[in-house]
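Asker: According to TrEMBL, the feature domain 'Nose resistant-to-fluoxetine protein N-terminal' maps to 62-194. Annotated signal peptide per TrEMBL: 1-18, in sequence order. What TrEMBL lists as transmembrane segment is 187-212, 233-255, 275-304, 325-343, 389-410, 417-441, 461-480, 492-512, 562-583, 595-618.
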Amino acid sequence: MFVYRFLLYVFLVNKLSAHHSWTSPRSSSFHHSLELFHARTKHPPSSFSLSLPSFLPFVFNRTPCHDDLLELTKSFIKEEKWALKTLDSWGTKLPAGILEGSHLWFGSYDECIYPLYLPANQSYVPQPYPTKFCTISSVHANESDNVLIQKPSLLVGICLPESCHSDDFRSQSLDLHCQSEERQFSIGALLTLSLIILLTFFVCLAGFIPPLKEYSVLSSLKRIFSLNHHHSTYSCLNGIRALSLFWIIFGHVYIFQLTIIDNPVRVFDNLRNSWANQLIIGAVYGVDTFFFISGFLSVSVFIHTFNDQNTFHVRYLFLYYFHRYCRLIPTLVFVLLISMYLSPWMGSGPIFPTTNGFEVPACYHSWWATILFVNNIVSPEKACLPVTWYIANDFQFHLLAPLILIPFVLNRRRWTYALLILILLINIVTNISLVSTHPGFESGYTATTEVPVDFFEKVYVTPWCRIGAFVIGMMTKLILERYQPTLSSIKVILYTIISIVLAIVCIYIPFYSVYLPKFVLILHQSLSRQCWSIAIGWLIFACCNNNARLINKILSWPFWTIIARLSYSAYLIHVTIILVHIYNRVTTIHCQTSVIFNNFIALTLLSLLVSIVIVVLVETPCSLLERRIRKYYRERKPLATNHQSYGTIS
């Protein structure tokens, strides 16, 4: 069906001169499309170009655009070089790879934008007017459309006079968009640039002011790259966090570049039939690993805090929530401002979104949902920075975690275990109910079926469907806090095998989804994230109890600590980096293994470098300031302590 549509669009482009309206022909069989393709290839190549005279009827008369196009037509007939150059840049010539899904016919972006250079006399051919690059698409842009989820359609590049605008053309079936239109330097962009400049001056000058020296660039860089740390029992978490970040970035690099490849049919075939490529789809479990680690550390921080104070005070809940919000919000707002107001100015190209950048128009009205961490519930399809659905879930889970752990510090540990088990059961039942009652949800994000649009909104980003990994992380930490048994070699091997099998089943069940009954897919979609978390839980348990010394040594490598310190900023900014790379291209990408890995390595390194800047400018100064505020609050309101480990509340 995918190729069939493209072939029909080929027919559409070549029949524009014979039709008085831009209406897509329809056929009911793929075989007919192949016959159509075979018939059209018998014609000379010139028949595959969109003729300029046939284009004029769609331009309103008595406009500068109409007059300039008439001049272009006359100059083309006279074979003037500037007119030949202009029409030669159009992407209406039949390209190779139609049967592999090549649907982005950009033409030559640079040839359209720049004047023709003559090497013989080292001069440029004069033009009566400047030209600009436009695209004709078979799908109208919608305000709710996200740049990350593009509908597949034929996109043809054309070169038009600067006087032409989208409003000069009349068509109800095709969408014309010109790159130079509607890109204005807004007040938001000016304020964002001013903020970046002020922060840069602050961290640079802080090194010369003794009271502010800890905010300086040098001090922040020392914190990031310092490897002089005491080995912790949980150092393996840094390696797991870093590898999960790389996995997520790899998955995003691969998936996002599908919007600009010239062989999507071959790529989707490889995704469906390759064991190795199934690991790309499995990158969704990297987020569950982050949820697990977050739950694990929430217990560690909570118990450490109240064990030091010896008394539980309700006021500490406020400090806990204040710390979590201040830990997340400064970097989030900074990256959000960049994406909203500066991304439209981060490049140009045939498909670069010059109007709204990398955010949907609805983002400018619903940005408040992102900074209040409810964008995973309030219209997630229209949210700013789509990857922040994870941040919203994580914050919501941290709101719940202290309430679950209060019985634990009051020596009511069984209540805490009961609450965690109850929440986990509710999570499983909710998943099963939603997946079983909505057709198509059981397949999730696989390459074999089309994912329902509302799967993302109702299952993938909702806290009641994703809290399982967080709860299992909390349970793992509580078990390690309470029990540290010495396991025999047989038990260690057995549990390791079980964990490996669970991880493999989670990743590769979708690979065989076409052969499995529906109830198996429902169980997989409802339980896979919990099973994956159990496998990660055993890995951490084994590392912390010296049952996996070699793996623990690898995951505790000090270098992972640096990546872990950058992981939050890198997670937020990496999608912007990927989109800048993709949408600045003037040609399509032929997707192959070497290209994938080259892009992954380059974009990962660039994301980490940019995240260093963000940490220096925003994350570290705000973290230090928040720490001072909490210290001041505690000194102003000292809290009485006693000598009990747990069990009191005030």
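A Cβ is built for glycine as well, from the same backbone N, Cα and C atoms used for every other residue.
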Asker: Just to be sure I understand, if DSSP states are collapsed into helix, strand and coil, how many residues of the domain 'Nose resistant-to-fluoxetine protein N-terminal' (62-194) fall in each?
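Answerer: So the counts come to 41 helix, 25 strand, 67 coil.
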Asker: Would the transmembrane segment (562-583) and the transmembrane segment (325-343) count as touching if the test is at least 3 Cβ pairs under 8 Å, pairs 6 or more apart?
Answerer: yes
Asker: Do the transmembrane segment (275-304) and the transmembrane segment (325-343) come together with 3 or more C-beta pairs under 8 Å, pairs six or more apart in sequence?
Answerer: no
Asker: Using a Cβ cut-off of under 8 Å, list the residues of the same chain at least 6 residues beyond the transmembrane segment (461-480) that approach it.
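Answerer: That would be 288-289, 291-300, 376-377, 380, 389, 392-394, 396-397, 400-401, 404-405, 408, 413, 416-417, 420, 423-424, 426-428, 430-431, 434, 529-530, 532-534, 537, 540-541, 544-545.
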Asker: Looking only at residues six or more beyond either end of the transmembrane segment (233-255), which have a C-beta under 8 A from one in the stretch?
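Answerer: Beyond its ends, the transmembrane segment (233-255) has Cβ neighbours at 280-281, 283-284, 286-287, 289-290, 293, 296-297, 300, 387, 536, 539-540, 543-544, 551-552, 554-557, 560-561, 563-564, 567, 570-571, 574-575, 578, 596, 599-600, 603-604, 607.
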